Structures are given as structure tokens and as C-alpha cells.
Amino acid sequence: MKFFASLSKRFAPVLSLVVLVAGTLLLSAAPASAATVQIKMGTDKYAPLYEPKALSISAGDTVEFVMNKVGPHNVIFDKVPAGESAPALSNTKLAIAPGSFYSVTLGTPGTYSFYCTPHRGAGMVGTITVE
């Protein structure tokens, strides 16, 4: 028993240091968590526009297109980076109820352009740059 007590006294500082260093390395190596950002479909002044119209995000972030005030609105991606599918990212269903939303996670760096089918001619278009 005395043998184990003397070992623990000698190695306790070393063991503590090893645990501290290992914990620090594990925490510092953790990837940054992905963010969720919102784009309003329609402005607070009832204009048929996306707000903001242009957005920059990090790869892996999620964009929520939130129905604001009056619709109907949708999100159709037309130009996307190579390797992505515009139809797969798009939401053709028209949102009508305020507060309803459509989420999409963008993982490939590049520029994504999108529009609202009913209001494209009125300028309801936007871009997302993924870095």
C-alpha cells in the first residue's frame, strides 16, 4: 500500500500535466460549429425582395429563407457551383404563412444565385457566397 502511495505522489504531477495537455489539444482541434443565418422573403415594408439580397457564409452553414409579411414566395436556385444541383437545393413550393421557412445547408464554396418565381421580374433575386 505504501508503494502505491509513493508512486501516486511521484507521478500525480506528471499525470495531471498529461491530462491537461491532452484535453487542450482535443478542445482546440474541435471544428467550428456551423451557423444558421436568415434571409427574409419579403421586406418589413412589404416589398417583394429578399432581405438581405446578398450574403456571405462559411461552408456548412445553413440558410433559412423565412416568409415575412406577405407572399407567396419561394426559392429557386439557378446558378450553383460545380458539383451542386440547383433543383435539389430549390424549394418550388410557395410559402404563404408568415414565419414559415425553408432551410438549406450549403457546403460547396462558390456563388449561388436564386430567385422567387412569382417576383423575379420585380427584382426578387439574390446571391449567397460560400467561403
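Every residue gets a Cβ built from N, Cα and C, even glycine.
Cβ neighbour count for H73 (Cu cation binding site): 27 (other Cβ atoms within 10 Å of its Cβ, all protein chains included). If you look up Swiss-Prot, you'll see H73, C116, H119, M124 marked as Cu cation binding site.
Annotation comment: Swiss-Prot describes 35-131 as domain 'Plastocyanin-like'.
Here Swiss-Prot flags 1-34 as signal peptide.
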A 10 Å Cβ contact count, applied to the binding-site residues C116, M124: which residue has the minimum?
M124
For H119 (Cu cation binding site), what is the secondary structure by DSSP, using just helix, strand and coil?
coil
Nonlocal neighbours by CB distance (under 8 Å) for H119 (Cu cation binding site), same chain, sequence gap 6 or more
P48, L49, H73
What other residues of this chain sit with their CB within 8 A of the center of the CB atoms of H73, C116, H119, M124, the recorded Cu cation site?
M41, G42, P48, L49, Y50, N74, Y115, T117, P118, R120, A122
How would DSSP class M124 (Cu cation binding site) in three states?
coil
